[in-house]
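Participant: Sharing a structure here in structure tokens format.
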Amino acid sequence: MQNFKELGISDKTVQTLEAMGFKEPTPIQKDSIPYALEGDDILGQAQTGTGKTGAFGIPLIEKVVGQQGVQSLILAPTRELAMQVAEQLREFSKGQKVQVVTVFGGMPIERQIKVLKRGPQIVVGTPGRVIDHLNRRTLKTQGIHTLILDEADEMMNMGFIDDMRFIMDKIPAEQRQTMLFSATMPKAIQELVQQFMKAPKIIKTMNNEMSDPQIDEYYTIVKELEKFDTFTNFLDVHQPELAIVFGRTKRRVDELTSALLSKGYKAEGLHGDITQAKRLEVLKKFKNDQIDILVATDVAARGLDISGVSHVYNFDIPQDTESYTHRIGRTGRAGKEGIAVTFVNPIEMDYIRQIEDVNNRRMKALRPPHRKEVLKAREDDIKDRVQNWMSRENEPRLQRISSELLKEYDSTELVASLLQELVEANDEVEVQLTFEKPLARKNRSSKGGSRRSNHKRGNGKFDNKNRRSKGSKGQSSKKKNQKKFDRRDKQQKSGNQSLKGRTFADHQK
């Protein structure tokens, strides 16, 4: 394996990288760095988490050291990714007088203009704000020799394809080296490459990265009305360190977040209507382990680069393979194992098969946890929580009350009563989620109404007996629709058979 020095990186940068713990380049870095140093255009197909920031950032530092004015522009789909890229570049260039600045929306543009006047060598920004500065002429392009597009397909998905064209057209082509990195290569990105890049060197690590055995992929067949209970049962059994949960709509994210909070889980939500300040606050909590469940839409989660995510749950199945790829790519990073679970209605199985066919690998069928598994997991969780409480120093007032209670009651009965109160406080909370009709079968239309479903945990049971439903005018239509989906479920009986006898624990052996 080549080291960074053998790839042509200077001693100063190599020392910095070694101090950061980077002794050997990743595959994408090994293949990209020599071409980047030569000034060749690069088309890299790789996911976030494969070391691609180093693939373009390390050689970029070598090129801008000692230069004056803006030398490079890096485009990123989101503010968070722009900040992460900028921070990593600052780490790579420690002690080398390289200035890196970020420009993105949601922050005062006047402050950014002031920083740009100082002539930083590297500017990292989102397309919209970069265009604002280009139109104001506060971002000078005449000295830019390197343009980098990070997660180009994400920018395209967010509607920035015309913005990317505009920006690429503004930077002089004769002196421009262009590096474009993307997890997928849709037609619009291919057209961008043909129009603006000069005989790019193609670096493709996707096949290996996407097939990474570090991510165990599962699907579980579940009806819409049972989905929330099944999901919380999985949470209790899996006990994820950090989990990202994907919902299809903003409403779904809001309702899921509220439902999880009401059940005692530490969760926050992200979607397009969340303010920038709130978004940064939520991400900070997630990274600092103040919350362990992040509920998000596809758009809100784009560009996130958070280490330590152990589980990804697709509460709503994604509508296309690209979205699925980006979702599960949030886990299984840096050599750590990850788990991705997709909840699928029986009539949505065509989408699972499509994902499997495109990615050329099969997901494992996973049946929902048994009641005994859930209860055991909750008992273990209670014991862990009590153990943590016992390590804290108690207030004298509470110790006095405790002594008085122990004189009056049996200690075992007293503890059991307190624990029962603790458990039932969350179990008795009734949760309401708006019914989301399943995705239509491929080449077929799907009918469905808008209704609401009530979910209640009910002391670990996840059957229908503990579910209370409120009367409403639409109750008769709800029964008709349920019969319709039940008939469809029977048609998919063969799919359900594959789940028999298979548990999450079975797949871990």
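Keep in mind that glycine also has a Cβ here, set from the backbone N, Cα and C atoms.
Under the heading motif 'Q motif', Swiss-Prot lists 2-30. Among the features that Swiss-Prot reports, domain 'Helicase ATP-binding' is placed at 33-203. The ATP binding site annotation in Swiss-Prot covers ALA46, GLN47, THR48, GLY49, THR50, GLY51, LYS52, THR53, and the record cites sequence analysis as its basis. The motif 'DEAD box' annotation in Swiss-Prot covers 150-153. Residues annotated as domain 'Helicase C-terminal' in Swiss-Prot: 214-375. Residues or ranges marked as compositional bias 'Basic residues' in Swiss-Prot: 440-459, 467-482. Taken from Swiss-Prot, the feature region 'Disordered' applies to 440-509. Feature annotation from Swiss-Prot assigns compositional bias 'Basic and acidic residues' to 483-492.
Map the listed features onto the structure and describe their local environment.
Facilitator: The motif 'Q motif' (2-30): residue composition by secondary structure is 16 helix, 0 strand, 13 coil, according to DSSP.
For the domain 'Helicase ATP-binding' (33-203), the model's average pLDDT works out to 93.
DSSP assigns THR53 (ATP binding site) to a helix. The local packing around THR53 (ATP binding site), expressed as other Cβ atoms within 10 Å of its Cβ over all shown chains, amounts to 26.
A Cβ distance under 8 Å defines the sequence-distant neighbours of the motif 'DEAD box' (150-153), meaning residues of its chain 6+ beyond its ends; these are 48, 52-53, 56, 74-77, 81, 85, 164, 180-186, 189, 192, 302-303, 322.
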Participant: CB neighbours of ALA46 (ATP binding site) within 10 A?
Facilitator: 26
Participant: If you count Cβ atoms within 10 Å of the Cβ of GLY51 (ATP binding site), leaving out that atom itself, what do you get?
Facilitator: 20
Participant: Looking at Cβ-Cβ distances, which residues of the chain lie under 8 angstroms from LYS52 (ATP binding site) while being 6 or more apart from it?
Facilitator: ILE28, GLN29, SER32, GLY44, ALA46, ASP150, PHE181
Participant: So how many other Cβ atoms are close to THR50 (ATP binding site), meaning within 10 Å of its Cβ?
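Facilitator: Looking across every protein chain shown, the total is 24.
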